[in-house]
Amino acid sequence: MTSVVVVGTQWGDEGKGKITDFLSADAEVIARYQGGDNAGHTIVIDGKKFKLHLIPSGIFFPQKISVIGNGVVVNPKSLVKELAYLHDEGVTTDNLRISDRAHVILPYHIQLDQLQEDAKGDNKIGTTIKGIGPAYMDKAARVGIRIADLLDKDIFAERLRINLAEKNRLFEKMYDSTPLDFDAIFEEYYAYGQEIKQYVTDTSVILNDALDAGKRVLFEGAQGVMLDIDQGTYPFVTSSNPVAGGVTIGSGVGPSKINKVVGVCKAYTSRVGDGPFPTELFDEVGERIREVGHEYGTTTGRPRRVGWFDSVVMRHSRRVSGITNLSLNSIDVLSGLDAVKICVAYDLDGERIDYYPASLEQLKRCKPIYEELPGWQEDITGVRSLDELPENARNYVRRIGELVGVRISTFSVGPGREQTNILESVWASI
């Protein structure tokens, strides 16, 4: 029984897809356990970029099983589109399995997402308008439609009719918005269900059988710990649990079967959308990092906010997700800077604190306390070991490991598979 969980430790966009793809080489099953198509991940294979939003990164290994678990909310329209994209690129999807217990995102979820965000005015939370939150709301309210329901024509029609009638009343009475048509949605989405039917099964059986047989299973999280609905910067969060604990709920695998948790982070910090960001940069250094790091959202295309590495955030992520290993990405983006900074603590009203406050009002008053290290000018994109890094870059990497309190297993100096360097094999140490 061997399992590894990959989680983002910041606000998403840390390079989880790349690290999952890298670790997938030694896994036999790869599974997503939460989120939806609001999370984009980019994988580079032989110089070619593949951008996925819903299907696990492991799909590029045809001999391995890729799983969309029950904790994921699935937009069938997006899924069918993504399948077609992969097929057009010559990628087989015969190895995909989708949980029959996963909940379905429907057009009324997306419309409600947009209307709710618009109604917030200046208090918007920066949702991707993918219907994720409303779909999870229906799930919690026990009125959601699952993949198993989508495949049954009569059940789907009955539940869609009830849900749409309620949502249309809401659209018309509360938001003065146009109601949606039952027949159009039913016809379109039932057809999508038939297209994905071949992939649908009880994925908890597949995952537990694989683990019981001694196979290596890799769990892939979406977003990041700081976007977790319980542990993140609430309410500027997603509607699910990206933390490692979300695996057990979102996959049907018990906590006793989880061996390692790999936390993925960048050598700096980025965030899409609104919400607290203590180390955010507004100067030319921030702009340089954004441009060199191509910091634009995979899903939204929006410029990401960028800032210095925040070890307070990282220690919070380590604690609430039980991180055992760290994967440090995008070190190369910092090349050329005269100095680099790491936030080691916050100043809150004159008091030094080393924890991440839950209160948004306190976070607004938090000022980062920095440790400054000398930068490096060398191009490190061809580096293949820690010893090959310039001394200043090597010291920066080591200092991050010390401040976070987790050993660094891999570090990356570019987007390619070959630019990921192993310091310690996660699989071998289990």
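Cβ coordinates come from backbone N, Cα and C, glycine included.
Here's what Swiss-Prot has on this protein:
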type	residues	note
BINDING	12-18, 40-42, R304, 330-332, 412-414	GTP binding site
BINDING	D13, G40	Mg(2+) binding site
BINDING	D13, E14, G15, K16, N38, A39, G40, H41, T128, R142, Q223, T238, R302	IMP binding site
ACT_SITE	D13	active site, proton acceptor
ACT_SITE	H41	active site, proton donor
BINDING	T298, T299, T300, G301, R302, P303, R304	substrate binding site
Inter-residue Cα distance where the pair is G15 (GTP binding site) and T128 (IMP binding site), in Å: 19
Which of K18, H41, R302, the listed recorded positions, has fewest other Cβ atoms within 10 Å: R302
Chain-internal residues, separated by at least six, CB under 8 A from G12 (GTP binding site): A39, A222, Q223, G224, L227, R271, V272
Rounded Cα separation (Å) that holds between G40 (Mg(2+) binding site) and T300 (substrate binding site): 9
Separation of alpha carbons, T300 (substrate binding site) and N38 (IMP binding site) (Å): 9
For R302 (IMP binding site), the three-state class that DSSP assigns: coil
Those binding-site residues, out of D13, T300, G301, R302, R304, V413, that come within 10 angstroms of H41 (active site, proton donor) at the Cα: D13
Distance [Cα-Cα, Å, rounded] between R304 (substrate binding site) and D13 (Mg(2+) binding site): 9
Euclidean distance between Cα atoms of I331 (GTP binding site) and R302 (IMP binding site), Å: 22
Those residues of the chain, 6+ apart, with a Cβ under 8 Å from that of G15 (GTP binding site): V264, K266, S327, N329, S330, S412, P415
DSSP state at G40 (Mg(2+) binding site), helix/strand/coil: coil
Site diameter for IMP, Å, by largest Cα distance between D13, E14, G15, K16, N38, A39, G40, H41, T128, R142, Q223, T238, R302: 34
Set of same-chain residues at least 6 away whose C-beta sits under 8 angstroms from V413 (GTP binding site): I331, D332, I380, T381, G382, V383, Q419, N421
P303 (substrate binding site) CB neighbourhood, other CB atoms within 10 A: 14
Length of the line joining the Cα atoms of T42 (GTP binding site) and D13 (Mg(2+) binding site), in Å: 9
